[in-house]
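Chemist: My questions will all concern the structure given below.
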Amino acid sequence: MFLGLTNLTKLNLSGNIISTMDPGVFQELLSLKLVNFNSDHLSCDCGLRWVPGFFRSSSARLGDETLCAYPRNLRGKPLRGLRESQLSCDGPLELHTLSLLPSQRQVVFKGDRLPFHCTAALVDKITTLHWRHNGQLVTSDPEMGVQLEKSVLHDCTFITSELILFNVHVEASGEWECVVSTGRGNTSRSVEIVVLENSASFCPEDKVVNNRGEFRWPRTLAGITSHQYCLQLRYPSLSVEGGMEQKKASRYCDRSGKWQEGDYSNCHYTNGITRVLHTFILRPINASNAVTVAHQVRTYTLEAAVFTDSVDVLYVAQMMEKFMDYVKQLRELSEVLVEMGSNLMQVDDQILALAQREKRACSSIVYSLETLAWPQLHSHAQDFSMVSRNIVMEAHLIRPAHFTGITCTAYQRREISAGGLGIEMAESAQEQQLRFRCSTGSHNTSLNNFLLKNSVALASVTLPATLFPPDATADCKLQFVAFRTGSFFPLSGNSSNTGEHSRRRTVNTPVIFVGLDGCSMWNHSEPIWVSLRHLSPGTDAVAAHWSLRGLEKQGGWSQEGCQLVHSDSSTSTMRCSLLSNYAVLQEVPDFPNPTPISVRVLHPVVYACTAVLLLCLFTIIITHILHHSSIHISRKSWHTLLNTCFHIAMTTAIYAGGISLTSYPVVCQAVGIALHYSSLSTLLWIGVSARVIYKEAVWRLPRQLEGESPTPPTQRPMLRFYLIAGGVPLIICGITAAVNVNNYGDNSPYCWLVWRPSLGSFFVPAGLVVLVTWIYFLCTVFRLRHHVTKECTGTTLSSPVTESQPALAGSTSLLSTDSAVGPINPIVAPEDQYSLKTQFLVLVATHFLFVVLWCCGAMAMWLTGHTSLLFSCLYGMAATILGAFLVVHHCFRRLDVQASWLACCPGYRRSHPISTYTHTCTTGSGVQTSEQGSQLFINCHPPGDSHNSSSARSSSTPSGISSVGPGPCKLTNLLQVAQDNPNNASRAPTGNNTSTSTDNITKPTNNILTAAGGGSLGALGPTGLDPSEGSDGGSTAMHGAQRRCASRDNLKLAAAAERDTKRCSYPLNSVTTTVPGAAAPNGTLKNSVLELEQDMSGTDQSQSSVGMKSGLWKSETTV
């Protein structure tokens, strides 16, 4: 190649299309010092193995710019640094050029023209190109519209080939491949072709949800395979799992426009249990880890009730087959396998039937269980027994020569406990297990006459003494297995009698198995008797046995060899001539006749005492709603009392009526949510009540300047209490139900929260509420101890009346020496006849009784037997005491409630036109007061609220704003004076106050409490100051009431009262004031006096409080 270039020292061939160099190409270049032949196509393989040796023995040097392009493991490495061993042709063939046009999938119509062009690198002299269609060699065929051109070489570097489909047929659909054949191997490129008819069809959009995920298949042309990513990512092109390409599922749309079954094998399972079971299948099992793995699989089968795929059942069945190889040397595996099978019987019947149809999983499980005992029996272990909830087995090593028959009965125990009027059957988890009771001899015992006490027989089988032939072997293994239901024996459609099977019978009894190993049953043996108890009401019973001679050994029920002898509503008896699995098939309606669902009935004392409590609570609620305007109670106390009573009633009513409705899942969940809400709300309303009382205990009436009236505290809305006591429980219950509604009543013997969720959803919030409530209680006790309470009994007349205690509550002075009426300070009249201490003690008792009531009710449901009966009685006692206590305190002991009740009786109003009430007032709560004697009320409400007759209205009117209106009380003497002297009112003097005050200790007076029908009259004499609602908003007399007290009516009444004093004589009064100019029809009464009591605590005599007090007469008052 380089002839005549003997003086050439440098040679640069870079940039050319060079893939290899022949040996000896540089031998003619004697003066060559540096060579470079870098190329994007340079293949560092066995074709360049001569290069390292040539440049080592020559004066020429290979430049560093010469880099390898192929193969990929040497790409970018300098050729001069490679050894001969690295330059080999052992790897897969890699061509620097290999292309096929078109390279993407093509969709063409029938009759179109489609050319293909393939280009490949020329590796050696034997490099050739050929074509394949769906794996078949392609040649020119004009009839099929295929034309193949000859291969062409280009510059000794490339080889090309062209294939033309000039008349595309439908058969041309599929994969077309260009194959490159060389002396070092073969490689290829392919493209898919889809040929459509002129009227193309499509597969519709489809959504598939399976254990591998959710796949949405788009509308696809017929004949095309669609692909979807396993994980439906928002950006599917992104790589996952450390840069690896995401796997896909595929689905083919056939020519008719119908979807075929998809291929999802490349995708992982979405269900966590299925993924774990799949990993167990892939794990190798040996004697060292068999027991450990078996326990792990058994743990996952505890959740068999939530299995949603037949693959889960299939994987467990395959694992059981693997464990069977190690049962003989690992006896612990037997118990684990039985528990696995028992747990799998909780799987939905449809899933088990599907697993049986697809992979015969149920038959595999049954075979493993029914052969489990054979490896366990030998001369040193002649008996074998296993029990579980749904499967029980027993096996014996027997001698046929001494066999006298045997009867085995499968049963379960029940624990009987007294539970009210009847007998309550409470089954514990341990007692629900199946057991076998076997006895020698052929005793055909009836299931209804089972000998064991407190037990129920489910299935029984009797083997005759002639079971074995005379020439039987010396030893034989006999095994019994009982299944609670026929879940592992689905009807597969291959019954021996197709007509009978078409009547849709199902297995309606337990299944019992009898099998032999090492011997066989004698053909002339007496029949085997089997008795089975029905699981549910059914009709048309048929005796059958499970046979594996069905289609592909899937198993099916057969009537051959078994005959039904007797059948009633509860049991069936059959006899069979072969050993197998026995059961009774019946027609069970899809919607059976309504049967009484077992509901746990509470003790009668619970219902009776709950009814008493509800009666008491609703008596309180109805009374305080209907007679709200007549009952003297603060606004906050009214709201808290009614809500507390309502939520206690709600809690106890739901408890008694729905706590045991576990047979109705939806209703049970609703009961659990309502009971959760009402319990928390009751505790919160009691806590709100405790806060209200605490605020009342710390409240003080602020000191006012002379001549000023106190401003009523700002009224805060009651809505905040409803948001706390009603909104917080609603939020807690809503979050608990939203997280998992099955937290209520899920597999629980009562309709309440499951244990773990109840800790955070109920017990922690309830504990915090109780803690805060008792903190309020303790603070209230501390405050009450600092209050000094003084009772006014009328025997001590020492302390003067303070400015904050006017003689007339809500009115001005009606009696004064100068007939002048001046303004006075309003007072806070008591809004509840109970003292703050009494209200506090009642609330503490209510809180304690409710907590005891709730705890006793919970223990009565949680426990069983006599302990449950004890707590039911304690619940009844607590309910009765709580109801009686509340109704007595809030109704029967309240005088205003009594008056409201009696006012509803017309006969009582006619027989009692005017009622008189005498009350000894007690004032205190931190305000200095004095004994006021007894007060007389005529045809009016009990003391404490001359203004409450009009102020205690509906809750929409703030209780702290009291108005004095017309009242029912009147004194006929004063009214008579006013009527007899209508003109004297105009002569009432209006000068300055010139009355003389005397010492109250030595001058006894009379106290008259009057209220005129047309005026605003209060108590003559001071009334005790009693805050009603604390600093949040107390009940005070409005400044407007003071203005009304200085009205024209009060002036007239004051003049009338002054004239009345001229007629009345008080012989014990030592200090009198003569009122001149007062005329009477009977003449002027000499020494007519009017006693005045003035407050000497201030210098302003016009601010004195005027009152009439009883002296030596104490509770007597002269009118």
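Easy rule for this one: first residue shown is 1, then count along the chain.
Quick reminder: no glycine exception, Cβ is built from N, Cα and C everywhere.
The compositional bias 'Polar residues' feature in TrEMBL is assigned to 981-1008, 1096-1107. Look at TrEMBL and you will find 92-194 tagged as domain 'Ig-like'. Among the features that TrEMBL reports, domain 'G-protein coupled receptors family 2 profile 2' is placed at 599-894. The transmembrane segment annotation in TrEMBL covers 605-626, 638-661, 673-694, 721-739, 759-779, 840-863, 869-888.
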Chemist: Using a Cβ cut-off of under 8 Å, list the residues of the same chain at least 6 residues beyond the transmembrane segment (840-863) that approach it.
Modeler: 602-603, 606, 644, 648, 651-652, 655, 659-660, 679, 682-683, 686, 689-690, 693, 697, 749-750, 752, 770, 773, 777, 780-781, 784, 834, 871-872, 874-875, 878-879, 881-882, 885-886, 889
Chemist: Go through the chain and flag residues at least 6 beyond the ends of the transmembrane segment (673-694) whose CB is under 8 A from any CB in it; none is fine as an answer.
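Modeler: Distal contacts: 636-637, 640-641, 643-644, 647-648, 650-651, 654-655, 658-659, 721, 724-726, 728-730, 732-733, 736-737, 744, 751-753, 761-762, 765-766, 769-770, 772-773, 776-777, 779-780, 783, 836, 839-840, 843, 846-847, 850, 854, 1029-1030, 1032.
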Chemist: Cβ under 8 Å, sequence separation of at least 6 from the ends of the transmembrane segment (869-888): give me the contacting residues as numbers and ranges.
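Modeler: Sequence-distant neighbours of the transmembrane segment (869-888): 418-419, 602-603, 605-606, 608-610, 612-617, 619-620, 645, 648, 652, 845-846, 849-850, 852-853, 856-857, 859-860, 863.
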Chemist: Report, as numbers and ranges, every residue of the chain located at least six residues beyond the transmembrane segment (759-779) whose Cβ falls under 8 Å of a Cβ in that stretch; write 'none' if there are none.
Modeler: 676, 679-680, 683-684, 686-687, 690-691, 693-694, 728, 732-733, 735-736, 743, 753, 840, 844, 847, 851
